[in-house]
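The feature transmembrane segment is assigned by TrEMBL to A:12-32, A:44-63, A:70-90, A:96-117, A:124-142, A:162-183, A:214-237, A:243-262, A:269-288, A:294-312.
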Amino acid sequence: MKNDNLMKRFLAAEWSSLLILSLVMMAAMTIITPRFLNFDNQAILTRSLAPLLIVAFAQAIVIGIGQMNLAVGAIGGMVAVFFGGMMEAWGFPIPVAIAIGFACGVAAGALNGAIIAFSGINGFIVTLATLSIFKGLNLGVTKSIPFYEMPDALVWFGEARFGPFAAILIVPVICVVALAWFLKYNIYGRQILAVGGNAHAAELAGISNNRVTILAHTISGALAGVAGMLSVARLGVGQPTIGGDWLLASFAAPVIGGAILLGGHIPILGTVLGVLVIILIENLLVLYGVDPQYNEFFVGALILAAVGFNHWRSLRAEARLKEGKA
Amino acid sequence: MPPRPDAVNLNELLARIAKSAGLALIVGVLILIFVYGAQGFTSKFNLFNLTRNLSVAAVVGFGMMVVLALGHMNLALGSTALASVMIMGWVMKVAALPVPVAVGCGLAVGSLLGLLNGWLIVKTKLHSFIITLATASMFLGLVLIMFPGGPISDLPREFTGISKTRYFGWVSGMLLITLVAGVVLAVMYRFTTLGRQMLATGANPDAAELSGIPVSRAILLAHTLSGFLAALAGVMFTARQGSALLSTGEDWLLASFLAPLLGGTLLAGGYVSVVGAFLGAMLVGILQNGLVLIGVPDFWVEFVLGLTLLITVSLDRLRNVLAARRGN
Amino acid sequence: MTDVALKIENATKRFPGVLALDHAALELRPGEVHALLGENGAGKSTLIKIITGVHEPTEGTVWVDGEEVTFKSPHDAMDAGIGAVHQERNLIPRFTVAENIMLEAVPTKRGQVDYAEMRRQAEYWLSELDLDIDPDLPVQRLSVAQMQLLEIARALSLKSRVLLLDEPTASITEHEVQVLFSFLRKLKAQGVAILFVSHKLEEVFEICDRVTVLRDGKNACTNVPISDLNRDGVVAHMVGRDNALSDLGHRAPVDAPTKLELKDVSTRIGHSNVNLHAKKGEVLGFYGLVGAGRSELARALIGADKITGGQVLIDGKEAKISSVQDALRKYQMGYVSEDRKGDGLILAHSVADNIGVTIWHKIAKFGGFVTDTMQRKSVRGFVDRLEVKTPSLQQTLGNLSGGNQQKVSVAKWLAAETEILIIDEPTVGVDIRTKGYLHKLIWEVAEAGVTVLVISSDMPEIVAVADRLIVMNEMQVVGDLPNSRDYDEMSQKIMQSIVGASDLKESA
Amino acid sequence: AETRVALVPGGPHPFFANWEGGGVDAVKDFGVASSDYRVPQEWKLDMQNKMLESLVSQGYNAFAVFPGDANGTNAMVSELKDFGAPTVSIAGCTQSPSPVEFCLATDVYKSAYQGTMALIEAMGNEGKIVHETSLLIDPNTQLRVAAVEQAIADAQAEGKKVELYQHLTDVDDQEKADQKINALLAGKAHEFDGLVSTAWVASVVTSKALRSSNNEDLKFIAIDHDQIVLDAIKDGVIQGTMLQNPHGQAYIATYALDKLLNGCTIKADAPFSPTPQHTTFIDSGTMLVTKDNIDNWEAEMKAVTDGIMATFDEKFLDCAS
Ligand SMILES: Nc1ncnc2c1ncn2[C@@H]1O[C@H](COP(=O)(O)OP(=O)(O)OP(=O)(O)O)[C@@H](O)[C@H]1O
Ligand SMILES: Nc1ncnc2c1ncn2[C@@H]1O[C@H](COP(=O)(O)OP(=O)(O)OP(=O)(O)O)[C@@H](O)[C@H]1O
Ligand SMILES: [Mg+2]
Ligand SMILES: [Mg+2]
């Protein structure tokens, strides 16, 4: 009886179907290549998971207030090359570079938020414009040539692993836990969700929409910056192209995880699993040696299947709730 | 007592014009700046290319605008265009059918893929974002599977000629296609039941449904239209490139949003501005063209582009705010 | 200490094309309930929004405790001890009941939100208002009336010294009104200054001490003790002429063939074995307490929700309705939603578009062409007939006053020329003159042969308007009463049906 | 007239950075008015076309272009030609028939073939091979795939026990490549014995991955001169890389464009070495760099350039005056 209840509650949770889906995919991969479960391979998996996880939350927090941040990738790339540049060209020690890099991300995000809040211009347009600005800075500074000489400690960190876990996974874990706490137990976190849920009502309740907009974008910028620096650690190079490919995945993960683009809801576990599913899909295709021509098609089909499955489950849960009430 | 409710309100009419007027003014000022500041801007060669690029960009913007009207998105715009032009190229070159037939096929494929998007959205009730994100990959994948040989080049002159026609020596003939598409869309939204139904659906789907509007049909049609416009943009792009390229539509995504949003179309749905979308495409096109001509170093063009975009949009916004104050 | 808690003078607010307030004034005293009255669009809500810093006034000065203040945002007003319930619902749909109640004053412990404490406080306020709602339920699951009560609870929880209530009783029933009033009396005793907006004059005479009436944004009377006024006097101030209220008149019982019949209908939400019928040209009233399931039944009828069992007969034939479009096009059946902000109206679109939406397919020419002019032609009559106060037909609907929005919501379905019309809470937030007018209109429509189903939580209204009464309780029909139009008699019968049904349930 | 050459890559990429020097050297050596390196802001055909159009408006009159799209660029080039500006394609070829004067580029087929052969030798003539290459929608990808398969077939014909294990495509983005390549190495490294890369990014990522995994059994032949690749060769982590000649491409192209603008034409019977893609093809040279010649590859490459220059006029140009 009690188990039954637990099972029901598990199935009713919005992330349950994604969890099942990822487990199924992992099982499939284990069957294809028994080596999949190797610590080696798991470490690789977690390693590529790490930056994307942070990126997904950089987007999720802005989706939470019903806006978008198209500049996540551009901020990440800009912070990445500044970070790399500070260490190579100026020889800054790692902690100093991290601190300045982080500050850059915060500043970039705050700039986005402030422009949106005070000008009243649609966030989509503002972040699209700042995307150009940040990317332009990156290009202008590097002329698209990477910074190669990264300190050994950083490179070591990017490659180290503990058992099946890549060392760099610690960063997203900290970020996600902190964010989860923030959104649930901090007043400002609640305010972000309130504004996303109903901006007008929140305003009438004395919550400043402008302040919340700036806050959410600042957090987003900070996370994007962290993801950029983490990518430098992971790649061992201050690549100007970092962030170029983040945009779609940054939306896809939270949305697969159950985020609502209108705002008001940020699924923590859902987003984590969304990232996992995306990475697993790509890994599955590589390991299965799918004919490259079919690759794109399967990525699309699998995303559709994943979301469809999740949605079907939530519909079922909803229906059961209504019937149960009767 | 209440003023005559149907008195055509001059203020409102002016306000409606003024909405686009701000953007038009900015575009005008930019043109002036570039005419005097950017060497070569007024050369026939440059103006011809400018109008040609702009024609394609505006149709791409329209393609996104028609789903934005619903509060939806179409991330598969580029892939749809790709699939359409590849099939068009195949019909033209491999099946060797007449050009109009091939173009018709291309447009039909685009519309069908759009319809498929719409159908999936209506059936699953999932957000258009995620559906079209997935179908974008799937359409691209299908093209890669169907055309392992890559691009189809050397399309007939009869077809590529579309992109070479020019009036007065500097206006691209393709601008005509864009204008026709724009007028049709504007008429649809202002003067037809269908257009109104789409806007009502976008503004408040629940209320639209409860008012007896065939919401599903509106969604299906809007996405079909979006697919059609994507294909049309693809056809124009292909005429210009002379071959059906696998890179067609690869990078249309952000630009397709930018033009309508700059023009005042709401991301949330329920309001569109066709003229605005056209002006938006113009703004971006002219900036991209003029900034290089004015001598901004290549690696900094992107930076300056973003900055000027931000400044111009803020100016427009400021103008609106001031105008509202004055109305007080 | 002064004896004026809040004073506003010269309050003027100009919107594009509208002078909403024109040098209005008002003062609130501690321990008094002050009624703010006026017709729809008189400027009541605007005045409240100016006081609370939602709108920046064009002109005007506010004093709190004798000190001049300027509120730049609702936050400032709250800090100054002013709480408000606005006319439109303002809740966060995904937040729980408890979170919504405590939205302004989130309890924290060591920098963390203290959910246990939040729940405890929310439960306290819920019980104070005699509300049986689970504090952990997301607000999006509540009915409109429950949401309204929730907002009141939220304003109360602020423990403000000045409380501004904009039509708090618009969509709740007698019972909840009484609970609210007893609470307001408590607050009065504690010296809170209360502003109370309502279109129900009985309530005003029951609880208020002073009255201010606005007419077209100007004061028609200011801070007058209630004892100096009677009902007719108030109405005269509001309307500004003597042709005040005309009587509804009489209406004979209808003798006509059955138009609509429900046989053992059950729905996904939980209705079971609903049986009822309505004749052609009959006005059938639906009464029930909050959450009785009337609105949900109506939604199922018009195809917006699923009917899971039983039969719906229209003109004696079984009706197959799978969408609202079916209901409208095939069976000429329409539904005026109780939730005008949610799914009733398109607030971002113009007045004309909102009324025209149901008739586009009828007025279109050449297979689908509609111009603004054509639409205006068809729509203007309704706007005039209902006296919708709007600067033009192109005005954005969201800019109209609440009552005027409600009129548009009714107008839209009158325009549709349906054969069966379901009106859910027809007069929420509508001023008394228009209310009488709407009632008359309902009769006129019925006279023309339309079957009208009126759902209302306003017992006097339902008794005045309906030919026959269906009483619902907990998703079931518990009474089908012929209406004698004698309020005392009918109210007793209705309550008996409801209580009887509950008793039956308890003893079972 | 003054010759103003624009060297236009497909988009920002470190490979092309050496063009700039090539142009500058040519200006110095041959007295050309200018030869500027002008980079489109993004890797897309549309951007490149807009760039070219605006360069015409800015007064450039000769172009050396990396075709953003082998087919698509043709349309643009014929417009440049209509305008009277000679154009050559460098570092990559347009699809023939093409209005470009000639194509001066690495023979991608040859380079991929030689790279694969070098790998087979490094593997000791047996084992399974993974080929990493770039986007599927890049037409050169098809050529490279064909070359790798041909090399393996030829080796098999010689009795060597080699076979193709997998083509890994779409590894042009650094982060995606990092994930895909590492996944492959971690999951399946025991199932193959060597890798050959025909894409810049994949070369960099694989070099790094091999360095950190210390997997000495896997042999790798990369492409291009990224510092990470060169370092990996120096340290013996990987076996070699196929170099291209970007400096020479820009240098020779500037020279030729100047001549073409000043009365010369391309000889009708010039000894081009046609490839499946392009008929008027000139090989800009390619060489294998291994630990042995890692320290003086720049000099060796210069020699290749000089070799082409020595006979260029005589072979390809027809100058009236
Ligand atoms: N944001 C706005 N823009 C334009 N006009 C407005 C706006 N808000 C209110 N108005 C106009 O101001 C006038 C007063 O509106 P208000 O909402 O104060 O009326 P009210 O007295 O509260 O009426 P009701 O009883 O119907 O709620 C109305 O004519 C209304 O149309
Ligand atoms: N979407 C929904 N899902 C689940 N339950 C709902 C939903 N909508 C309403 N309910 C519940 O169904 C019950 C019936 O609500 P309904 O709106 O029909 O009552 P009503 O008689 O119209 O009363 P009122 O509108 O005055 O609250 C309420 O308890 C409400 O909470
Ligand atoms: Mg009001
Ligand atoms: Mg109801």
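Here, residue 1 is simply the first one shown, and the rest follow in order.
Note that Cβ sites are derived from N, Cα and C of the backbone, with glycine treated the same way.
In TrEMBL, annotation is done automatically, which means it is predicted and not curated.
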Discussion item. With CB pairs under 8 Å as the measure, which of the listed stretches A:124-142, A:162-183, A:269-288 comes out on top against the transmembrane segment (A:44-63)?
Written reply: A:162-183
Fill in: Sequence-remote partners of the transmembrane segment (A:294-312) [C-beta within less than 8 Å, at least six residues beyond its ends]
14, 17-18, 21, 252, 255-256, 258, 277-278, 281-282, 285
Discussion item. Take the C-beta pairs under 8 A between the transmembrane segment (A:269-288) and each of A:12-32, A:70-90, A:214-237. Which stretch has the highest count?
Written reply: A:12-32
Practice prompt. Quick one: find which recorded stretch in A:70-90, A:162-183, A:214-237, A:243-262 has the most Cβ pairs under 8 Å with the transmembrane segment (A:96-117).
Written response: A:214-237
Discussion item. Looking only at the recorded stretches A:12-32, A:214-237, A:243-262, which one has the largest tally of CB-CB distances under 8 Å to the transmembrane segment (A:162-183)?
Written reply: A:214-237
